[in-house]
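Working notes, structure below.
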Amino acid sequence: TRAPAAAVAALLASAADRAAPCFDGTPAALLALRTGSHGGLEALLQAGLDPAARLRPSGLASPSLLHLAAAAADATSLQLLLAHGAQPNGLDESGRPPLSLLPAGAEGGEGVCAAAEVLASHGARPELARGWEESQGELVRRAAQSGVAAHRARREVPALPAASAHPLALRAAAAAWCPDDSSATCMCCGTPFAQLAGLFDSGKHHCRLLGLLVCSGCSAHRAVLKAGEAPARVCDAAHSMLRTLEAASRPLAARRRERRAEGRGG
C-alpha cells in the first residue's frame, strides 16, 4: 500500500483536480481511504473535497466516504470527514447509517471502539442503527455511549468567520435553503417528521447554515452565523464544520499548543 499512498501525495502536490480519478479510474479520495493515506485525505478535504461525495469507481453502488471509513473502522478518516461536514447519521443506499457498517462483534478490536466513539462524539445516534447494539460487544457499546455523552455535553457556540475563503466557508455560502415542503424526512438521518411531531413542535427545523430540513435530534447545537445576532440552530455536520473553521482561523502556535494539551489529556 505504500506506493499508492505516495502516489496520492504526489497527485496532491501537483495540484491536480481533487475530483480527478487516478490510475484505473479510482477517485483520489477512495485511493486515500484504501491505502490509509490520512494525509492525502486531509489534503483533499482542505482543498474542498465534499465529504458527502458518493463514489462510483466501477459503476456499481455509491457509498459515501464516511460509510467506507466506518466499514474499515478507520477512526482517523472518520474524524477528518466528520470535521469537514460529513453527516454522522447519513444513510447509504440501503438505508444504513455509518454506525451500522462498523465491523460486528470482536472484529477490529480497539479500532472499532475508537471508530464508534468518534462517530458518536459528532452526533451519530446508536438508536438509529437498528440492531447495532445487539451485534456489538460491551466495549464497543461503552465507547459509543462515551461519544454520545461527549456530544451532548458539548457547549461550544462557534462563529462563522466573516469573508472567509476557506473551502468550508465557501460551501456554506453556496448552500441552498430548502423549502418547508421539500422533504417529509430529516435530511440528516432520514427520520420521518410525522413520527416526531408533537403538540407544540412540528418536529421539523432548518439548519440555519446549510439550509437543510432537520429534526431536533440532528440539530441540538447552536452557532453564531452573523456578528451581533443570537446563536442559531445548526445541524451536527454544520456545527462540526464551524468548529473546524474556528480552529483553522487560530494562529498555528495556538493550535499546536492545543494538540499537545489534547495528547497529554488522552
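Cβ atoms here come from the backbone N, Cα and C positions, even for glycine.
TrEMBL has this to say about the protein:
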REPEAT    61-93  repeat 'ANK'
DOMAIN    180-243  domain 'FYVE-type'
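Same-chain residues lying 6 or more positions outside the repeat 'ANK' (61-93) and placing a CB less than 8 Å from one of its CB atoms are 29-30, 33, 36, 38, 41-42, 45, 49-55, 99, 101-103, 107-108, 111-112, 114-115, 117-120, 122-125, 128, 168, 171, 188-190, 218, 235-238, 240-241, 243-244. For the domain 'FYVE-type' (180-243), the model's average pLDDT works out to 92.
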